[in-house]
Amino acid sequence: MSLRISVIGTGYLGAVHAVCMAELGYTVVGIDVDEEKVAALSRGQAPFYEPGLDDLLAKHHDTGRLTFTTDFAAAKNADVHFVCVGTPQRRDGLAADMRYVEAAVDALAPHLDAECLVVGKSTVPVGTAAALAERLAKTAPVGAGAELAWNPEFLREGFAVQDTLRPDRLVFGVTSAEAEQKLREVYARTIADGTPVIVSDLATSELVKVSANAFLATKISFINAMAEIAEVAGADVTKLADAIGHDARIGRKFLNAGIGFGGGCLPKDIRAFMARAGELGASHSLAFLAEVDAINLRRRQYVVDLTRELVGGSVANKRVAVLGAAFKPQSDDVRDSPALNIAGQLHLQGARVSVYDPKATANARKIFPTLPYADSAVEACRDASIVLHLTEWQEFRDLDPAELAGIVETPIVVDGRNCLDADAWRAAGWTYRGLGRP
Ligand code: UDX
């Protein structure tokens, strides 16, 4: 009989995971405490923008293999339960807020009266899984028959469906051969397609995820530090990145300098990692991550300062067009978005900001309702004293700089992602400023 799967938490991670499990042929129930999210998913609608997700939701809405509910009792008969809830930064410090993970396990446990595997996918501080395993064994009616494993998720928003169905690697943190076997069964098709599997203890599997994100964040802050140097030395950081990226040991990916990283993962994950290292008495090992964070946050400040300088010393009452609100393209996610942060800072300094994003306006409006939003790039740019390109949507790369020059008041553009065609914009009469490039 085909496996029955429950997925607890239907956010960016869980909704995609549930859909992909149905795509692998399993009977899946997605469970969330958010009634609105469950209602949308039950209608076959994704509650956020993620390419490819709507199609698969509709497909498995029709196959009947995928259902959503707020009732944890629906998980009762599943063989494998995936915990996919969020671990945001705590309000009172750098550490991860574990209350959703704990609540998910506590809500699930009373329904586990037959042997099953509970698999954590959320990004958690090392040591969490071992503690949860004990908690589960104490609270589930089946006791130690509800086994815990960890299977970290590495998906990138915007590519979440493909990253889930065809991941670079699978990591199974397990405490028994049976748990490993069950996970190999769940991912049989993915493994048959050639995806490598790394089997480890629970602690290693938890660390793999946070260390991967720490490495990626470090790579971005490294190139942004080089952008700072290039800026003062009159060099070009994009050429530098191309050149060092040809070294296979370095690689070109994640070497795009600009306004830095944001989103629901990298910023809070490096902070939670530092906090956990401190608890373990090893703060010195991750002290460099504080610098990675500081370099990253400096990028936002730098663009605000540059904007002020380019419009003559004060942004008060100046029209500033902001192209992009999402933390990256192909996503409507505005959590810790550098673009929105910059727009907000300028707004608070008295600028007449107009923000446009192809997908993220509704979410941006929710967390920053006082910012003015436009319905198109052209509308945002009308009569602007300066244009800031902050999220690299293809739509912005496709803009005609000549046409736009006729709409703005002053043709000055700051390319916060270093990916507009500088020559084309200059040829159309613009003052073009990249970050760390001439
Ligand atoms: C990240 C990890 O990539 C993923 O493996 C993990 O599971 C979750 O966190 P995500 O947050 O979706 O995924 O975005 P990612 O593509 O990693 O980009 C993160 C941020 O870095 C974005 O704000 C992006 O604009 C920025 N970035 C990325 C750069 O500034 N320069 C780069 O070269 C690459």
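Glycine is no exception: its Cβ is also placed from the backbone N, Cα and C atoms.
Automatic, uncurated: that is what TrEMBL annotation is.
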Out of Lys76, Lys209, Lys366, which one does TrEMBL list together with Phe154, Leu155, Arg156, Glu157, Phe254, Leu255, Asn256, Ala257, Gly258, Gly262, Lys328 for substrate?
Lys209
Given that TrEMBL records Asp32, Lys37, Thr87, Thr123, Glu157, Arg335 as binding NAD(+), the matching residue among Lys239, Lys253, Lys268 is Lys268
Can you tell me how spread out the substrate site is, meaning the largest CA to CA distance among Phe154, Leu155, Arg156, Glu157, Lys209, Phe254, Leu255, Asn256, Ala257, Gly258, Gly262, Lys328, in Å?
24
Residue, out of the binding-site residues Thr87, Thr123, whose Cβ gathers the largest set of other Cβ atoms within 10 Å:
Thr123
Quick one: which of the recorded positions (Asp32, Glu157, Gly262, Cys265) have their CB closer than 6 Å to ligand 1?
Glu157, Gly262, Cys265
For Lys37 (NAD(+) binding site) and Arg156 (substrate binding site), the CA-to-CA distance in whole Å is 21
Distance [Cα-Cα, Å, rounded] between Glu157 (NAD(+) binding site) and Gly262 (substrate binding site):
12
